[in-house]
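According to Swiss-Prot:
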SIGNAL    1-51  signal peptide
BINDING   Cys67, Cys70, Cys178, Cys227  [4Fe-4S] cluster 1 binding site
BINDING   His273, Cys276, Cys296, Cys302  [4Fe-4S] cluster 2 binding site
BINDING   Cys311, Cys330, Cys333  [3Fe-4S] cluster binding site
Amino acid sequence: MVEMSTGMKNLTRTLESMDFLKMDRRTFMKAVSALGATAFLGTYQTEIVNALEFAETKLIWIHGSECTGCSESLLNGGNPDVAQALTKLNVNLAYHETLCMQQGIWNDGELVNTSELNSEILLEDLYKEGNYILVVEGSIPNGPDGSGRYLVIGNKTFKETLGEAAENANAIVAVGACACWGGITSADSDIEKETDYRGVAFKKTDASKGMLKELGIDKPVINIPGCPAHPDWILLTLGAVILGKIKIPDDLPAALDQYGRPKLFFPPDHTVHENCPRRGYYDRGEFDEEVGGEKCLWKLGCKAPYAHADCGIRRWNGSVSMCTQAGGPCINCVDPGFPDASRPLYVEAEDKGIVGANIDTVAKVAVGAAAVAAGVHAVRRMGKGE
């Protein structure tokens, strides 16, 4: 177990003394960012229950073209696990294709049985009832020729399913790179134009080609990208919406960036590079050129200088590690252009450099945060020929 730092202990004590019910959106977001899902839900358990007044929130989670990796990430969220978190937030997970037991039952092309046994009937009933949060995992094929028939579940395309589900949703959250902007399924290939995989609100960086736009549905979408998305990003975003700390649509312009990502987790002015555990090697201009080393991974294709996410602060796997710490270069899976913008994944982007600088001189000129902290010292030492 990782021991809590003195600063974090002091911050936790400060937050514990605050009135949860009187927190504005800004204070709430600072609290969830600092504490993480585990500590936040634990610290404010009683207050959360009081705030909810036992009002149940329905959650419908549908799957398009994907690997279910984001659901698996959520299930590996640690303590509290997803079941405990949903219980504390008083969420009724009404539908999730991986976790629910119902199966689609058909007879001569017609749905049979009841919603207790038949997931297709259950979904139709839930759509009619409305008043739910919709989570979408996976991309939506528009091909061939706008039919959406590259993904058909039962006798319905997923494109149709999304349209029906989105129509009566109180809030829509796209989870994972595929649902946000197409992800792996929309990568450049010989068949990409034919399949035409899209995200809920974007296709790569193009909001005009999001599937909701194609369907003529004008509703805001919160994007939680990643391949997979971090469990904290998912749980805390849902928690903020459920608790009314992010009001839709009023608070979204201030809370989200231009691609619909919560600025709290995907800060426009911060990159994974700035808090990378290998940052010290970068500042000294020391780079690994083979896998298995301990130095900066830039020359092995690391994209951390362009990845706007809090991975370096939040960490993964119970807050103990992250890609670069484990020896894997960051592939910037939170970017709308992923994976094409990151390819080739494990080759240095020689024509790009870090923030436009040449990698061979970047440690000497110190960019970004390095110019304010360790980089200033490095520049002075190098200027003296040390």
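Cβ atoms here come from the backbone N, Cα and C positions, even for glycine.
Counting neighbouring Cβ atoms within 10 Å of each of the binding-site residues (Cys67, Cys178, Cys296, Cys302), the lowest count belongs to Cys67. On the backbone, the CA of Cys67 ([4Fe-4S] cluster 1 binding site) and the CA of Cys302 ([4Fe-4S] cluster 2 binding site) stand 24 Å apart. Note on proximity: of the binding-site residues His273, Cys276, Cys330, Cys333, the one nearest Cys178 ([4Fe-4S] cluster 1 binding site) is Cys333, by Cα distance.
Ranking the binding-site residues Cys70, Cys227, Cys311, Cys330, Cys333 by the distance of their Cα atoms from the Cα of Cys302 ([4Fe-4S] cluster 2 binding site) places Cys330 first. Close to His273 ([4Fe-4S] cluster 2 binding site), meaning Cα to Cα within 10 A, are the following binding-site residues out of Cys70, Cys227, Cys330, Cys333: Cys330. Around Cys330 ([3Fe-4S] cluster binding site), the same-chain residues six or more apart in sequence whose CB sits under 8 Å from its CB are Val272, His273, Cys276, Leu297, Cys302, Lys303, Ala304, Ala307, Cys311, Cys323, Thr324, listed in sequence order. All chains included, 26 other C-beta atoms sit within 10 angstroms of the C-beta of His273 ([4Fe-4S] cluster 2 binding site). Compute the center of the Cβ atoms of His273, Cys276, Cys296, Cys302, which mark the site for [4Fe-4S] cluster 2; besides them, the chain residues with Cβ within 8 Å of that center are Val272, Arg278, Arg279, Tyr282, Leu297, Trp298, Ala304, Pro305, Thr324, Pro329, Cys330. When the alpha carbons of Cys296 ([4Fe-4S] cluster 2 binding site) and Cys227 ([4Fe-4S] cluster 1 binding site) are compared, the span between them is 22 angstrom. A count of other CB atoms within 10 A of each Cβ picks out Cys70 as the most crowded of the binding-site residues Cys70, Cys227, Cys311, Cys333. In the three-state DSSP classification, Cys330 ([3Fe-4S] cluster binding site) falls within coil.
One way to see the shell of the [4Fe-4S] cluster 1 site is to take the Cβ centroid of Cys67, Cys70, Cys178, Cys227; the remaining same-chain residues with a Cβ within 8 Å of it are Glu66, Thr68, Gly69, Glu137, Gly138, Gly176, Ala177, Ala179, Gly183, Ile184, Gly226, Pro228, Ala229.
Counting Cβ atoms from all protein chains shown, Cys276 ([4Fe-4S] cluster 2 binding site) has 24 others lying within 10 Å of its own Cβ.
Each of Gly226, Val272, Lys303, Ala304, Ala307, Ala309, Met322, Cys323, Ile331, Asn332, Val334 belongs to the same chain as Cys311, Cys330, Cys333, is absent from that list, and has a C-beta within 8 angstroms of the C-beta centroid marking the [3Fe-4S] cluster site.
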